[in-house]
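Visitor: Below is a structure I'd like to ask you about.
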């Protein structure tokens, strides 16, 4: 197994163990909650940025619409998987509130959904296996829908130049956000969709810890997948296409097929991140998936290092670490800013950081490294032996 995967798994296990250890000291509750939430954000957005790195860092696609796959993941969970749970417990809910939850979707979204989901959570607390199935169904559905959407965008990616493709992806993400936000049947529109908790059996603070362990597991799996892809002949072909598309084509690389595969795989993992976000908050409102989240992902990737999965994760951790510190000390910083509102200080700090990185270290904190391939002589010796 790749040593980076082992190190990541060890760090994740250490973080979870530290959170469990802090739970033994009630006076440190605030620190534990802060740490757990920070780690959950890092694990979810780690998956998101790893998928962006495959498109941008390895293949060079100007992916300015990445946030649309967070939206698709949220739709899969809040708009489809949630309705499936309502169908499963339809009779239980109807006997409690006197009306079928899906008989009138507008009334459900505006009047009943909080009480209905509360009833569903009570049932899920008694059936953890169904909760796990519901979690996996939503995630798999999110990945499938996102992969299909990624395939649809592969066709204009074949024909359009990079700058036009970037604009198309940016506009498409905003189009999907606005249309789904005002469509009540999708995920309760402007009201937002309340989502059943797949970990309803976990009581109180245990729920956050269980979710952290689950999201960390998905991060390790995603990292393993992207590391294997990056270090395989497939990953080397992507770098060749990125650096010299014409030369790669001359040497027999099918540019179209590689772009299709990359967009499908990276989009699927983007949908996974969106599904995890929806499950984490037990609520989703599609209008919140603004274009800024695409460029936050780019910020993390630029800081950490494009074309390097370890660098991508370091960029995510750095971004959320600094962002958390700025949020904690924003009131103290206001005095240094001569009374100015520190709310948008985060954008200023990371804007300056991007400028400095692009000027003095454009390869990022962890630069892209050449792929180590097996020496031909070693292959011959191993085959002889």
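All residue numbers here begin at 1 and follow the chain in the order shown.
Note: Cβ is positioned from N, Cα and C throughout, glycine not excepted.
Worth saying up front: this structure is predicted, and the values here are computed from it rather than measured.
Relevant sequence annotations retrieved from TrEMBL are reproduced here:
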TRANSMEM  39-60  transmembrane segment
TRANSMEM  67-89  transmembrane segment
TRANSMEM  134-157  transmembrane segment
TRANSMEM  164-183  transmembrane segment
TRANSMEM  208-226  transmembrane segment
TRANSMEM  260-279  transmembrane segment
TRANSMEM  310-329  transmembrane segment
TRANSMEM  344-360  transmembrane segment
Visitor: I need to check the long-range neighbours of the transmembrane segment (39-60): which residues 6 or more away from its ends have a CB within less than 8 Å of a CB in the stretch?
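Guide: Sequence-remote neighbours of the transmembrane segment (39-60) are 12, 15, 19, 66, 69-70, 162, 208, 211-212, 215-216, 218-219, 222-223, 226, 229-230, 235, 238-239, 241-242, 258-259, 262-263, 265-270, 272-273, 276-277, 280, 297-298, 300-301, 304, 306-309, 312-313, 315-317, 320, 368.
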Visitor: At least three Cβ pairs under 8 Å linking the transmembrane segment (164-183) and the transmembrane segment (208-226), pairs spaced 6 or more in sequence?
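Guide: Output no: the transmembrane segment (164-183) is apart from the transmembrane segment (208-226).
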Visitor: Counting Cβ pairs closer than 8 Å, which of 134-157, 260-279, 310-329 has the most of them with the transmembrane segment (344-360)?
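Guide: Ranked by Cβ pairs under 8 Å, first place goes to 310-329.
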